[in-house]
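Worksheet: one structure, shown below.
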Amino acid sequence: MDKLAIQASPPLAGDVIISGAKNAALPILMAGVLAETDFIVSNVPNLRDVSTSCKLLRCLGAEVDELGNGQIRISTKNLNEFCAPYDLVKTMRASILILGPLLARYGTADVSLPGGCAIGARPVNLHLHGLEMMGAKIEVKEGYIKARVDGRLKGAHIFMDMVSVGATENLLMAAALADGETVIENAAREPEVIDLANCLIAMGAKITGVGSATLRIQGVERLQGCEYRVMPDRIETGSFLVAAAVTRGRIRCLKADPASLESVIAKLEDAGAKITTGEDWIELDMEGKRPKAVNIKTAPYPGFPTDMQAQFCVLNVLAQGTATITETIFENRFMHVPELIRMGANMELEGNTCIIQGIESLSGAQVMATDLRASASLVIAGLVADGKTIVDRIYHLDRGYEHIEQKFQGLGAHVERVQ
């Protein structure tokens, strides 16, 4: 099994090209099921979850051609299976996003209950309740969600009990082909939801309120394929910016989207970083200074993203001062803390809050990745730890970061993949 071996590295310096956003690419690939003609998606990152999504679409009978250079073409003309099996779904939570498109276009869907990162319950009841309000008959048995509808789904007024990115995306795709108007209140406002909505509009969907907490979808009878470019990955961007801040370096993230990262950029500036942005680039310069501690509280967009919490834990571990980090989105999302403590971090957990006293340096150790973003935080810690750090179970990392070791090497880091 692959591992990453990391040696203490100089301050990161140079340019890094940001990949397409995994969390936008996955729902957009699933939206291909809604299109009656060929659908071409570009800027798709080369990641395990993307490969799993392509396998799932092929398993349903869709033709999926990987055209190279981050382009994927999907044709549904021979789609004739409506079951997303356990062996595919268990490795990737986003498989649940096939439910809305299959049900809306074909009236039937059997989807195994999902797997993915083990960071809390992440219930699917919001997805199911919304689809039931649109007329679906749903039962959960033998580990599968079995959904049926006679004719088309019907437009409905849906109020989400809590903000859920996945449920918003599933219901948005389902509503695009429903009969009548659907209103989704308390909808997620994440940039990846906006990207999906813009893709659906390019296919012919009628959606207003994009980017707000109230989405209005006027269902249409059919959607056509189009060519669509996936947005840049804001979490990958943020991860590299934090790595540069922790190593007291200066880097530029190219093909990035500064507008999607305002809360993260604000916290990096609070930590002492000098940040300059252009339309599609972000430069961070620590001017050789140690970062200052910053308090963080995760929240749905436009608040601070939960997917950047672990990386800021590392920043605070090595910062000047004391900070608290409070996680409000997922339980179980401090699994990186025991690993960082093994490297010498001064951290204490109190419920959903982590109290961190900054220290001067960490010591290299053998550590274990437990989920996608936790593994990124351990890599960043390894860059500044004395000696050698080995990060085990990096298959988690490969689910969300494209060519991570090559990108770090390009910035001067001592990182290599080993067996």
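Note that the numbers count up from 1, one per residue, in the order the chain is shown.
For all residues, glycine too, the Cβ spot is worked out from N, Cα and C.
Taken verbatim from Swiss-Prot:
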BINDING   LYS22, ASN23  phosphoenolpyruvate binding site
BINDING   ARG93, ASP307, ILE329  UDP-N-acetyl-alpha-D-glucosamine binding site
ACT_SITE  CYS117  active site, proton donor
MOD_RES   CYS117  2-(S-cysteinyl)pyruvic acid O-phosphothioketal
Note: in the chain of LYS22 (phosphoenolpyruvate binding site), residues six or more apart in sequence with C-beta under 8 angstroms of its C-beta are PRO45, LEU47, ASP49, VAL50, ASP233, ARG399, GLY400
Within 10 A of the CB of ILE329 (UDP-N-acetyl-alpha-D-glucosamine binding site), the number of other CB atoms across every chain shown is 21
Between the C-alpha atoms of ASP307 (UDP-N-acetyl-alpha-D-glucosamine binding site) and ASN23 (phosphoenolpyruvate binding site), the distance in angstrom, to the nearest integer, is 11
Within 10 angstroms of the C-beta of ASN23 (phosphoenolpyruvate binding site), the count of other C-beta atoms across all shown chains comes to 24
Note: among binding-site residues ARG93, ASP307, least Cβ-dense neighbourhood at 10 Å is ARG93
Simplified to three states, DSSP reports ASP307 (UDP-N-acetyl-alpha-D-glucosamine binding site) as helix
Quick note, ARG93 (UDP-N-acetyl-alpha-D-glucosamine binding site) and ASN23 (phosphoenolpyruvate binding site): C-alpha atoms separated, nearest Å, by 11
Whole-number Å distance separating the Cα atoms of ASN23 (phosphoenolpyruvate binding site) and ILE329 (UDP-N-acetyl-alpha-D-glucosamine binding site) is 16
